[in-house]
Amino acid sequence: MAARGRLVVARGNRSFSSIIRKYSLKRETNKKVIKNVIKLLTMVILMGTVVIWIMMPTSTYKKIWLKSMRAKLGKSIYFGKPGVNLLVYMFPMILLASLGSIYLHLKKQTRVNQFNSRMDRKKIDKFGALKRPMLVKAGLGIVTVTEVMFLMMFMALLLWSLANYFYHTFVTITPQSLPTDGDNLWQARLDSIAVRLGLTGNICLGFLFYPVARGSSLLAAVGLTSESSTKYHIWLGNLVMTLFTSHGLCYCIYWISTNQVSQMLEWDRTGISHLAGEIALVAGLLMWATTFPAIRRRFFEVFFYTHYLYMVFMLFFVFHVGISYALISFPGFYIFMVDRFLRFLQSRNNVKLVSARVLPCETVELNFSKNPMLMYSPTSILFVNIPSISKLQWHPFTITSSSKLEPKKLSVMIKSQGKWSSKLHHMLASSNQIDHLAVSVEGPYGPASTDYLRHDSLVMVSGGSGITPFISIIRDLLYVSSTNAYKTPKITLICAFKNSSDLSMLNLILPNSTEISSFIDIQIKAFVTREKVSTCNMNIIKTLSFKPYVSDQPISPILGPNSWLWLATILSSSFMIFIIIIAIISRYHIYPIDQSSKEYTSAYTSLIYLLAISISVVATSTVAMLCNKKSYFKGLYQNVDALSPLMIESSPDQLLPEFTNIHYGERPNLNKLLVGLKGSSVGVLVCGPRKMREEVAKICSFGSAANLQFESISFNW
């Protein structure tokens with residue numbers, strides 16, 4: 001009887017397990033369907049947006065499309081003329097960003113092994129060829145095949161726009177079309193050219209803020225990070241300021257030649273405000289002047305502080321052209337505003353700094369307490385602010401820990417290279433009496449996912465502190481290997497240092513090096529370029545323990561574990577609230593004034609729109625943060641005051657002899673070390689000085705060895 005009962009129970013358990021498997025499979029299938037639908041919608045929206053941008057400079061768009069849309073939407077008592085651009089330019093991009101957030105949330109939840117089959121690996125490697133370096137130029141840096149393709153398409157859009165605009169200028173403005181008592185031919189054409197340069201500059205401005213929205217779903221959905229896309233912001237910024245400066249100079253020449261210098265101070269009540277445009281241009285020029293590498297690197301504080309003028313630039317740009325036209329280039333700025341305010345909310349709290357280690361190479365490792373539910377990818381960065389050094393300065397540093405291997409700790413390594421980092425090193429190295437250090441952070445920011453497991457082997461090339469992102473990758477692979485979930489690639493770390501004291505950074509690679517040989521296959525080739533023999537004891541590491549205040553919090557995601565879903569909610573709900581506010585104000589305030597033959601002042605309309613956007617973003621972001629803070633931080637302060645031995649200690653004595661070959665007085669011959677590497681897919685990662693990155697890029701460039709998959713990790717702005 002008992003045996004029969006056990007048999008029934010066993011059958012019941014198998015039946016229950018079968019139901020669970022079927023439910024899980026159905027759930028994953030539903031997620032896949034939703035993701036495919038999102039991809040389809042995204043493609044439709046992108047294609048529609050591209051068509052609009054292509055058609056915008058043509059007469060067909062102005063005389064037929066725009067005229068038709070204004071006839072249907074422009075007379076609305078709720079939105080008026082701005083309603084057209086709200087629908088055509090703002091709405092699609094906000095929808096796209098919201099869909100991207102939902103897609104990333106579903107992708108994060110999916111538990112499918114995408115590297116199990118050879119077919120998947122070959123498919124990924126096929127597209128990996130598009131990431132190979134194609135151009136290595138001083139002005140552009142390292143440009144991949146994909147980047148060249150998109151750069152050419154974007155430049156084609158600008159040239160197409162200029163060609164259409166200039167065609168209108170030189171074909172329609174002729175000696176016969178000019179009034180007898182009006183401008184000369186060259187003056188009339190100069191006036192028209194100035195307008196067209198401004199219109200083309202507005203296209204670049206429309207894309208300017210997307211690369212610097214650090215937490216944007218649009219970047220993460222296409223595999224970009226805020227650091228890797230900073231160069232796009234630089235390219236776009238140079239184009240914006242070149243076109244806008246040319247626009248301003250042309251108008252200055254025109255006004256001087258036509259004796260209309262007083263126009264420079266004009267602030268039209270309902271039209272274009274010249275004075276506002278000049279203020280915006282001056283703010284832009286001040287920012288632009290500090291972005292050149294020689295100034296930015298030598299006077300980083302000047303560069304940092306002057307970039308806050310972007311608020312002045314955008315405010316007076318809107319006053320200059322009016323809100324209706326400004327909405328064309330506003331979607332990227334709107335997404336940036338949401339991201340910026342969320343970062344502001346996160347930065348208001350001090351975090352728990354538990355310990356620090358001071359290395360002999362003037363490098364500091366900071367160890368923070370972390371919420372175990374905060375997950376981040378290798379190579380992620382953290383922005384750090386220490387008020388006792390500077391209340392305003394925020395500096396990005398690579399995270400060296402792994403959120404999987406070290407669930408309660410987050411570490412960053414800071415090399416003493418500038419005023420801020422030198423002050424921090426001096427503060428920690430010269431005193432044993434520091435019990436507490438107030439620190440605020442923003443982030444982490446990094447790729448939504450990594451695909452290092454697809455390679456047969458990984459070769460990491462670093463110079464100096466460029467080793468930091470590779471520490472996080474190695475630790476992450478160590479965790480993956482220890483779980484036996486995937487087969488990890490063979491790792492070769494080629495690191496170049498100036499002095500033997502810099503070798504102490506190798507001590508931070510693993511939390512516990514005694515277990516490494518049983519999990520991953522790693523070889524370290526270290527090169528000390530300026531010394532023939534070791535002149536430093538690498539194991540002299542000073543450890544400081546801090547006593548966090550009760551108010552200090554572990555580093556946690558501002559929007560909780562479902563941050564992408566919350567971001568989609570913020571974007572969509574804030575935009576809806578903004579629309580409702582504008583509809584009410586337009587219906588009961590702006591529209592009645594316009595109807596009484598008194599046109600509403602353009603500056604006031606612009607200010608109302610900007611305030612409505614700000615209120616909607618602040619309100620929705622704050623509510624989302626408070627909702628997550630209430631539920632997510634419950635029970636957070638248990639078991640986080642102290643770090644376990646694994647989190648603080650390492651075993652440097654065993655790491656160097658067993659896995660490392662040290663070469664003194666020579667530089668690595670990268671061509672010899674990289675060319676001829678065996679394996680169908682060899683991932684080559686490089687992080688270090690510009691010359692080193694460019695040398696590796698040339699070796700792995702398009703047309704070279706087909707098995708080398710290049711990736712540059714650069715944190716140099």
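Every residue gets a Cβ built from N, Cα and C, even glycine.
What Swiss-Prot says about this protein:
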type     : residues                       : note
BINDING  : His233, His247, His307, His320 : heme binding site
BINDING  : His395, Pro396, Phe397, Thr398 : FAD binding site
BINDING  : Gly443, Pro444, Tyr445, Gly446 : NAD(+) binding site
DOMAIN   : 198-317                        : domain 'Ferric oxidoreductase'
DOMAIN   : 346-451                        : domain 'FAD-binding FR-type'
TRANSIT  : 1-23                           : transit peptide
TRANSMEM : 40-59                          : transmembrane segment
TRANSMEM : 86-104                         : transmembrane segment
TRANSMEM : 140-163                        : transmembrane segment
TRANSMEM : 232-255                        : transmembrane segment
TRANSMEM : 306-330                        : transmembrane segment
TRANSMEM : 353-373                        : transmembrane segment
TRANSMEM : 564-586                        : transmembrane segment
TRANSMEM : 606-627                        : transmembrane segment
Those residues of the chain, 6+ apart, with a Cβ under 8 Å from that of Gly446 (NAD(+) binding site):
Thr225, Tyr376, Ser377, Pro378, Thr379, Ser380, Ile381, Ile399
Sparsest Cβ surroundings (other CB atoms within 10 Å) among the binding-site residues Pro396, Pro444:
Pro396
Give me the stretch from 86-104, 232-255, 353-373 with the greatest number of Cβ pairs under 8 Å to the transmembrane segment (140-163).
232-255
The transmembrane segment (40-59): which same-chain residues, six or more beyond its ends, come within Cβ distance under 8 Å?
65, 88-89, 92-93, 95-96, 99-100, 103, 157, 160-161, 164-165, 168, 199, 203
What stretch, picked from 86-104, 353-373, 606-627, has the most CB pairs under 8 A with the transmembrane segment (564-586)?
606-627
Give me the Cα-Cα distance between His395 (FAD binding site) and His233 (heme binding site), rounded to a whole Å.
18
The record names His233, His247, His307, His320 as the residues that bind heme; what is their largest Cα to Cα distance in Å?
23
Between His233 (heme binding site) and Pro444 (NAD(+) binding site), what is the CA-CA distance rounded to a whole number of Å?
20
What residues in the same chain, six or more past the boundaries of the transmembrane segment (606-627), come closer than 8 Å to it by Cβ-Cβ distance?
82, 315, 318-319, 322-323, 326, 334, 337-338, 341-342, 345, 558-559, 566, 569-570, 573-575, 577-578, 581-582, 585, 590
Would you kindly give the Cα-Cα distance separating Phe397 (FAD binding site) and His307 (heme binding site), rounded to the nearest Å?
20
Thr398 (FAD binding site) and His320 (heme binding site), Cα-Cα, nearest whole angstrom:
40
Looking at the domain 'FAD-binding FR-type' (346-451) alone, can you tell me the average pLDDT?
88
Report, as a single number, how many Cβ atoms besides its own are within 10 Å of the Cβ of Tyr445 (NAD(+) binding site).
23
Starting from the Cβ centroid of Gly443, Pro444, Tyr445, Gly446, which together make up the recorded NAD(+) site, report each further residue of the same chain whose Cβ lies within 8 Å of that point, ordered by sequence.
Arg214, Thr225, Ser226, Tyr376, Ser380, Ile381, Leu382, Ile399
